[in-house]
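Residues or ranges marked as active site, for sulfotransferase activity in TrEMBL: Lys16. Here TrEMBL flags Lys16, Gly17, Gly18, Thr19, Arg20, Arg99, Ser107, Tyr207, Lys222, Gly223, Arg224, Pro225, His226 as 3'-phosphoadenylyl sulfate binding site. Summarising the annotation, TrEMBL assigns disulfide bond to Cys208-Cys217. Annotated domain 'Sulfotransferase' per TrEMBL: 7-245, in sequence order.
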Amino acid sequence: GTTRQIPQTIIIGVRKGGTRALLEMLDIHPNIVVAATEVHFFDWDENYVKGIDWYRNLMPFSYGNQITIEKTPGYFTSPQAPGRIHDMNSSIKLLLILRDPTERVISDYTQVYYNRVESHKPVQLFEDIVIKNGALNTKYKAIQRSLYDVHMEKWLKHFSLDQIHIVDGNTLIKDPLPELQKVERFLNLPSRIMASNFYFNQTKGFYCIRSDGRERCLHESKGRPHPLVNNTVLEQLYSYFREHNAKFYRMVNHSFDWH
């Protein structure tokens, strides 16, 4: 009695915002099934040309009462993704998880740093990438990805604000349940995720998941220690994002506790 369904909900981003944590936590819900990997259907042309049947075949089998969810953090910053998703389903519900944009930049750098170390490639200090000729390097991709207002503008051309639920990534990590209950309500699902589904792992420093008699934590690549960043550089980042954040708050009618 199961079939592969095109997702009724997509986690569209943001990269290093907590998309994997959100997906794994939502997977606890009996009415949700999740795609195992990032699909990159709407942001990579080489996948998009393969067509909707190719996309559907990457989804898990589900029952009629279940919602299929996929997550690809690259969608949020992709110029093509909003229009392509709208063409597939104009009434789809979207989940966007965001965190403090400066933290997100540092986390983005950290992931690339560790990937380069593991591949025996040369690495640069954070400050050497972020500062060029004494000024903030605003062309740095990690900074561009944190301009939430710029990217959100593209999504609001195709979707109404009530189709996009914003999850506070900073809160999700500290206290997952209230954020997940908001998602349950947004998706019109019965409340099934409970406090007992989470336990704090002292070693890792974040919440892990308990469901179906099993306990699991996010991959070891998650929650890696960030480099200590020069305070002057931090202040430059906070200052640069301040106006963009204020514009974003106005766009979505909601303020976040960001620097």
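Any Cβ shown, glycine's included, is placed from N, Cα and C.
Structure coloured by features recorded in TrEMBL.
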{"residue": "Lys16", "record": "active site, for sulfotransferase activity", "contacts (Cβ under 8 Å, 6+ apart)": "Pro73, Arg99, Arg104, Ser107, Asp108, Gln111"}
{"residue": "Gly18", "record": "3'-phosphoadenylyl sulfate binding site", "contacts (Cβ under 8 Å, 6+ apart)": "Ile97, Arg99, Val167, Gly169, Leu172, Ile173"}
{"residue": "Cys208", "record": "disulfide bond", "contacts (Cβ under 8 Å, 6+ apart)": "Phe198, Tyr199, Phe200, Asn201, Glu215, Arg216, Cys217, Leu218"}
{"residue": "Arg224", "record": "3'-phosphoadenylyl sulfate binding site", "contacts (Cβ under 8 Å, 6+ apart)": "Thr110, Gln111, Tyr114"}
{"residue": "His226", "record": "3'-phosphoadenylyl sulfate binding site", "contacts (Cβ under 8 Å, 6+ apart)": "Glu103, Ile106, Ser107, Thr110"}
CB contacts for Ser107 (3'-phosphoadenylyl sulfate binding site) [other CB atoms within 10 A, all chains]:
22
Mind giving me a neighbour count for Cys217 (disulfide bond)? Other Cβ atoms within 10 Å of its Cβ, every protein chain shown.
16
Using a 10 Å cut-off, grab the number of neighbouring Cβ atoms around the Cβ of Arg20 (3'-phosphoadenylyl sulfate binding site), all chains included.
18
If you average per-residue pLDDT over the domain 'Sulfotransferase' (7-245), what number do you get?
95
